[in-house]
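One structure is given below, encoded as structure tokens.
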Amino acid sequence: MRGKTMGVKVKLLEYTPNPEKVVASAAKLCYSPVGVEEMAKDLSEEKVNKFLNMLMSYGHESPIEHVSFTFAAEGVSRSLTHQLVRHRIASYSQQSQRYVKLDQFQYIIPPEIDKDNNTRSIFIEAMENSQKAYDKIASTLEQKYISEGMKRKEAEKKAIEDARYVFPNACETKIIFTMNARTLMNFFRHRCCTRAQWEIRNLANEMLSEVKKVAPNLFKYSGPSCVNGNCPEGAMSCGKAAEMKKIYL
């Protein structure tokens, strides 16, 4: 059983080919009297960039829904994925604790806990106790089901699906998810914000870095809400809008 601090690992697995041209084509079609093929021939890289800038300035976001991005994330906690799936216009596939037996589960240690020896010791002890409880419950239930005539493989599966309830939010997990560009921009507004929790903020920043490599003009103004507008946090605002613009723009 090993703990991790801030070891989120994000990879952009797949994305719509030529995402910026696809978005520009969809947007231009709304205003063009010509056919799709003729319109596409006229879309040079320069015109694509110009059209994307115009779209963003107008707030015309529906065309950006035509492109999607698929990510894989590892080294993240269940606490993070509970927050992630609140962004509902997306598709998610997460490692199952019901079907995957965790003989030695890994866990995420929050940095504030990790840098204090006392709280770190308490935290690690709690993680170790969770593993011991899981092992004992799973073993006890498995033997019970076998004694009742159940086959071993089926008994193990049935046992771990209940034993998993003792695992904490810190339990490390892996997830693959797909979002369209409009959902991503909304995600970045909320999760790149300093008021988002540290772990999902780290994830959001890594994701933004990845999509900027393949669609730099599309995500040029992405980041927390204050980067390209007003802060919606009111009295809870961090007051760092100018600093955020320097970081993200």
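Glycine too: its Cβ is placed from the backbone N, Cα and C atoms.
Sequence-distant neighbours of ARG191 (active site, involved in ionization of N3 of dUMP, leading to its activation) (same chain, 6+ residues apart, CB-CB distance under 8 A): ILE200, ARG201, LEU203, ALA204. Under the heading active site, involved in ionization of N3 of dUMP, leading to its activation, Swiss-Prot lists ARG191, citing sequence analysis as support.
Mapped onto three states, the DSSP output places ALA181 (FAD binding site) in helix. Close to ALA181 (FAD binding site) in the fold, though at least 6 residues off in sequence, lie PRO19, VAL23, ILE64, GLU65, HIS66, VAL67, SER68, PHE69, VAL211, ALA215, LEU218, PHE219, each with a CB less than 8 Å from its CB. According to Swiss-Prot, the feature FAD binding site maps to SER62, ARG86, HIS87, ARG88, GLN94, ASN180, ALA181, ARG182, ASN186.
Cβ neighbour count for ARG98 (dUMP binding site) (all protein chains, 10 Å cutoff from its Cβ): 11. Residues or ranges marked as dUMP binding site in Swiss-Prot: GLN83, LEU84, VAL85, ARG86, GLN94, GLN95, SER96, GLN97, ARG98, ARG164, ARG191.
Per Swiss-Prot, domain 'ThyX' is recorded for 8-225. Restricting the average to the domain 'ThyX' (8-225) gives a pLDDT of 95.
Annotation source Swiss-Prot lists motif 'ThyX motif' at 86-96, citing sequence analysis.
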Handout entry: Other parts of the chain folded back onto the motif 'ThyX motif' (86-96), taken as Cβ under 8 Å at six or more residues beyond its ends
Key = 173-180, 182-183, 186-187
Handout entry: C-alpha spacing of GLN94 (FAD binding site) relative to GLN83 (dUMP binding site), in angstrom
Key = 13
Fill in the blank from the handout: In all the protein chains shown, the tally of other Cβ atoms within 10 Å of the Cβ of GLN94 (FAD binding site) is 16
Handout entry: DSSP-derived helix, strand and coil totals, residue by residue, for the motif 'ThyX motif' (86-96)
Key = 0 helix, 5 strand, 6 coil
Problem - SER96 (dUMP binding site) versus binding-site residues SER62, HIS87, ASN186 - nearest by Cα - result: HIS87
Practice task
Measure between the Cα atoms of every pair in GLN83, LEU84, VAL85, ARG86, GLN94, GLN95, SER96, GLN97, ARG98, ARG164, ARG191, the residues the record assigns to dUMP, and report the largest value in Å, rounded to a whole number.
Solution key: 29
